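Below is one structure; the comments refer to it alone.
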């Protein structure tokens, strides 16, 4: 049997974890409805009931309430409980809070809880999990604590985790499981099925079988449905598909997620630098990453750091204040530009009243273009082939937006202030600023991307600086040039 | 055989579509590398080479270049080609642009191409696809065109698509496939395998087998790996897991995606109002939705509409200008507040120079809090149980941010302007505005959510209005009250 890095196959699933639970067997639908709202979130009354039982020391009642829950829901329950009550609730629930719940928990909440555990307890929990989930629990610990946990583990589990930790953070090597089924091409379907039935267990779910050559290079892949629908006598080499997506072990998780999405993968083989099969990534771990990575852009564009509501307050503060201070600097640039025109403003204070409109609406136009560009970059929709076409497209949209907003604003100002020149000046400035915003909003993220910097991280500071400065400069400059205050 | 809504099972996969292609068999790695960059995007030189071949009428060369590509990559190639060349390239590629490519295409690009096709051509393409992909192609057509396509289809395909179209847009009913394997509980593993091997074909990939009772209510589910690892004699009722996530057919796709993620599903049964099994949703279709929904928030928060770079310019204009005009109205509110203090500004023009700083940095702080809150709401992290705790948390972060920024700004202004009172006034105003921003940024999305409105759609207009108005009011008001200009 040619099977490296492959644990024995799984047996029958009597001990499989419940996958989920709309109603628990033997329980009526009403009981389930008393827990979840229509969006599948735990109802506040239910959370309160559990908290109350724990507070009153009624452990049995708490366990009775919580026992029908899926591990993901128990994790939600813990997250929805105020931080200071979490230790009590976990103590009351006992073995209901197992390794699976831990791996579903928000990482900040989990790190908090893990700090309170002994290394041996963490080691025991981690060894119940797939390698990738165990790594996720251990990777954020302080190095000394991490070492203590590793020391407390069985040598085999420990080796698997240590080798995963040797790969860079957020790489395929951290995401992959080592348990997989790999067979040589000369087996036939019947032999593969017999091998799978052999009574040993693969600790993880699997969706495809990898076919490898003698050097453990993947040469094909076989969905389980193909194995099931083929006669026993057919060689696996005739069933397998030769083309498959191979994930290099050092590939960044964002890139891995994009491949899963592009090629509609359920699982994929991970290969080392020599092209040998070293692990498998499954789509259930990818869903979290797609969600995270797609959601990250919004947080980065606004400088909200990790942006997790469970993040310790001091960390949120550190992440966000840096951004606000950077924005303070760019605001000073805009302020300096206004300062140049103090004389003009002194003569016509109405300009001070109107100038934030030009800067503000321009800033909004810049945000729109920037959001579109950052998303398109994140989903690999923009390459060198259509980069300038995209900028041109945004400028054309900006010309249309600018004309409309400039007309409305110009006419309005001319009427309210009874001053046609002022109306013309603000319309021209608005037009100029929206077009500038379109150009900056599209090209600044592209420039960051071109130099391999994350376009979401710093673009908005620069775009805001451009639209603020341009807004004040165009409006006050044109007002001065038009002799409005002369 | 108790099997409704279930097509015959799949046969061996000789005709399965290639799942992907790092290298095509018989081709060296260098050839693949000449097409894709390290991020798996098509290289601009490759795209240019294809465009050139098409332009020169060298159809064979174009086909030779494109034939090793996966359908998803052919779709990318078409998207990366300027709109005016797309018809030519598709004509040149002929049958390489099949139904699968069409279903991978960006919807705007696809709708453009489909308009140029005859109803019979669209019908032929759609009938090659799974129901969910066929529906995606047809659902956006004008009603008359849609009817023409449906009329041109085989009755069976037509019925499947019509019944999918009867469900609301973006609901589970539109996403599901009707082809699935459903078996009665009295079969044993061997009978199930024999049934699957029966030589008929299921046109779609499948990952689990549903067990249904006589009324077609799902009573359990069975992963293929369990079937494969169990002895033939075991009844399927002993292999299946009774707990399973059932997706109501009218559930919104965002909610479906959250369930897949929460419970790490690969596929799930879809049931009608009577609880009967009517279809199956697989995770490969969910990945796109997670990506879309998570990415949508950033576009909605900035009012960028659909925010697709392939959207027709006029549609982008319509979507965005509405937002800019709304922002114009809120900017007028801020402008009116400044107007109240014209007398103060007249006496001390420096105030006009400084006031955008207070409003701008406050706006940034508001965006941060809003982004965090909108993401937490979208991922079901906030419920009534922790709503106010979250607002309180954001206010605490705001107090820290506010103190820091206010100190830096206040001291700076006091020194530069040699005016301690002015420094104190701007520091107090900055502090007040950042705390207001924290309160508004957290509570406005929560209020929208509370009333079942999408918190991403309108929050930022209101938050900006609050931070702008508060910024100007606090700064100019305090300056007046402090007698700075008196």
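A Cβ is built for glycine as well, from the same backbone N, Cα and C atoms used for every other residue.
All TrEMBL annotations are machine predictions without curation.
What TrEMBL lists as region 'Disordered' is A:1-44.
According to TrEMBL, the compositional bias 'Basic and acidic residues' annotation covers A:33-44.
The feature domain 'CBS' is assigned by TrEMBL to A:240-298.
According to TrEMBL, the transmembrane segment annotation covers A:323-341 (among others). A Cβ distance under 8 Å defines the sequence-distant neighbours of the transmembrane segment (A:323-341), meaning residues of its chain 6+ beyond its ends; these are 303-305, 351, 355, 359, 461-462, 464-465, 468-469, 471-473, 476-477, 479-480.
Long-range contacts of the transmembrane segment (A:397-420) within its own chain (CB-CB distance under 8 A, at least 6 residues past either end) are made by residues 350, 354, 357, 361, 365, 369, 426-428, 430-435, 437-439, 484. According to TrEMBL, the feature transmembrane segment maps to A:397-420 (among others).
Here TrEMBL flags A:426-448 (among others) as transmembrane segment.
Annotated transmembrane segment per TrEMBL: A:460-484 (among others), in sequence order.
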From the DSSP assignment alone, can you count helix, strand and coil residues within the domain 'CBS' (A:240-298)? 26 helix, 16 strand, 17 coil
Is the compositional bias 'Basic and acidic residues' (A:33-44) packed against any residues at least 6 beyond its ends, judged by a Cβ distance under 8 Å, and which are they? 68-69, 73, 76-77, 80
Taking helix as H, G and I and strand as E and B in DSSP, count the residues of the compositional bias 'Basic and acidic residues' (A:33-44) in helix, strand and coil. 2 helix, 2 strand, 8 coil
Reported mean pLDDT - the domain 'CBS' (A:240-298): 90
